[in-house]
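For reference, the structure discussed in these notes is given below.
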Amino acid sequence: MKFNTTILKNRNFLSYWSGGLISELGDAMFLLALNWMVVEKTGSGLILGTIMACISLPQILLVTIGGVVADRLNPKWVMIASDAVRGLIMAFLLVMSFRGVVPIWTLFVMAIVYGCMDAAFFPAQSAFQQRLVSSEQYTQSFGLLMIGFQVAAIAGPVIGGTLISKWSYQLVIAANGLSFICSILLLLLVKPIPIDSDDEEKDKLSFSSDIQVGIRYVLKNHLILTTSLSAFLVNACVQATFIAMPFLAKQAHLGAQGFGLMNMGIGIGGALAALFFAFIRIQKPTPKMTLLACFVEGFAFLGLVVARDLWLLIGTMLVIGIMEAVVNTIAPSVNQKIIPPQLIGRVISFMIVLMSGSEPLARAFSGWMIQWSGVTVLLICTGILEIVVAVIGYFMPVVRNYGLEQPPIESYD
């Protein structure tokens, strides 16, 4: 672990990072505008929820196909194509908005296509990023990406809300479309590190066989499988806790402002951790680091039960934000060290399905649990469950023995 800024001299990564930041900023602005437009025009939570589901469902259902595409084709061009299609969607919405009220059906179509493009973009992004930096810089690269994400998450809604209140929805839609153009132009400047690929082997495999290769890799690599199953449960705990946040603020009589400050605590914690990882090189990230962060986060969830003072709650949320950033930096860094570049799109796509599969269920179950048992019981359960998962995972032999030679690629085909 040492202070290091050499990643800032990597022009390829900086071009990629800048394009991602601009695109994420545009997305954050647009999602706020979309939410507000639907609520203002329809007043229907059902319509808004369905539109959001139309974005997320294709991401989960089609991401394994996107992983195969990312491995078969050049991931750079997959990302560019995805950005181009999403930019065209923004142009279409802009034209429709100038013709009058945007029909609801166009928003549903937009959401489905948007989700499909995300399903192709995310695996390609993982495959492409692996080819931009050395393995020693993985944690720094994810730290810088986390900074971009935090900046977009904080600034995007503020900018979007200001543009809507002072001008119009059309300006936000146009800005998001321009963000995709900027992302494409910056991606065109990037020249990734070439990798060895077996084109003959690709031609032999069918599309479904390619998907099965990624699934078999996860199932046979005990470390990847262990961390993915741990993430399945940890993500459920995190989602349930986030659902509990507004109820916790209401129970503590903090109001909307207090709830906003609690969320600010998460953002500040995440930003601080991201800054640390961006400039401190961790050459050997390990799964133990991820599970230790989950262990601390579980105790932070329990801390929310007893913290009734606003500043104690903000401090606890800051700890949660830090631990979330640690997990989201260390875990993917370990994955990129383990997974062969030729397989990363297929493997990551199945891991996304496996790790995020618990989230919709957790949201629904946590709402029911709050209704019948109260927010305190929910937080106690999520805290204890995450602590138990972290402890069991930490002492698994495959985690303790991390660093030994990985099985050869051929054993997964």
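Glycine too: its Cβ is placed from the backbone N, Cα and C atoms.
Per TrEMBL, the features are as follows:
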DOMAIN    223-413  domain 'Major facilitator superfamily (MFS) profile'
TRANSMEM  21-39  transmembrane segment
TRANSMEM  45-70  transmembrane segment
TRANSMEM  77-98  transmembrane segment
TRANSMEM  104-122  transmembrane segment
TRANSMEM  142-165  transmembrane segment
TRANSMEM  171-190  transmembrane segment
TRANSMEM  223-249  transmembrane segment
TRANSMEM  261-282  transmembrane segment
TRANSMEM  312-331  transmembrane segment
TRANSMEM  343-362  transmembrane segment
TRANSMEM  374-396  transmembrane segment
Paired segments the transmembrane segment (261-282) and the transmembrane segment (77-98) in contact, 3+ CB pairs under 8 A:
no
At a Cβ cut-off of 8 Å, and with pairs 6 or more apart in sequence only, do we get at least 3 pairs between the transmembrane segment (374-396) and the transmembrane segment (104-122), yes or no?
no
Please work out which recorded stretch in 21-39, 45-70, 104-122, 142-165, 223-249 has the most C-beta pairs separated by under 8 angstroms from the transmembrane segment (77-98)?
104-122
For the domain 'Major facilitator superfamily (MFS) profile' (223-413), mean pLDDT (0 to 100):
85
Do any residues, 6 or more residues outside the transmembrane segment (171-190), come within under 8 Å Cβ-to-Cβ of it, and if so which ones?
11-12, 15-16, 18-20, 22-23, 25-27, 29-30, 32-33, 76, 79-80, 83-84, 86-87, 90-91, 93-94, 97, 128, 132, 160, 163-164
